[in-house]
Amino acid sequence: MINPNPKRSDEPVFWGLFGAGGMWSAIIAPVMILLVGILLPLGLFPGDALSYERVLAFAQSFIGRVFLFLMIVLPLWCGLHRMHHAMHDLKIHVPAGKWVFYGLAAILTVVTLIGVVTI
C-alpha cells in the first residue's frame, strides 16, 4: 500500500548545491587558478589585461559580484556537504550534524553575500 503522506526529504536541495559546487570546482576554479595564480604572475597576459583597475571594475560590476559570490559559495557548499557525509561514513556522529554543516554553509553564504555586496 502506498503511503498517502510520505515523509519529504530536504536532501535534494543540499545535493543540488553540492552538485553545482562540484561542477564549479571542477570546471571554473582550475581555470581561475591557472589564470590568476600562474599566468598572471609569470607575465603571460598581454598588456594590462588584468590590471588592478580592470579587476576592481569587474569585481564592482553586477556580473563580477555574482561571479565572486559563486566562486566562494558553491565550492563551500560542496566541501561542507562532503564533510557531513564523510563524518557519517566514518561513523563519527556529530550531534545535529546536518544543522552544524549546512548551518555553517548558510552562515558563510550570508557573510559572503554581505562581503560581495559591500565591495
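Cβ atoms here come from the backbone N, Cα and C positions, even for glycine.
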Membrane_side_equal(Pro46, Val117) from Swiss-Prot | yes
Across the topological domain 'Periplasmic' (36-60), DSSP labelling yields 13 helix, 0 strand, 12 coil
When the pLDDT values for the topological domain 'Cytoplasmic' (1-8) are averaged, what is the result?
-> 80
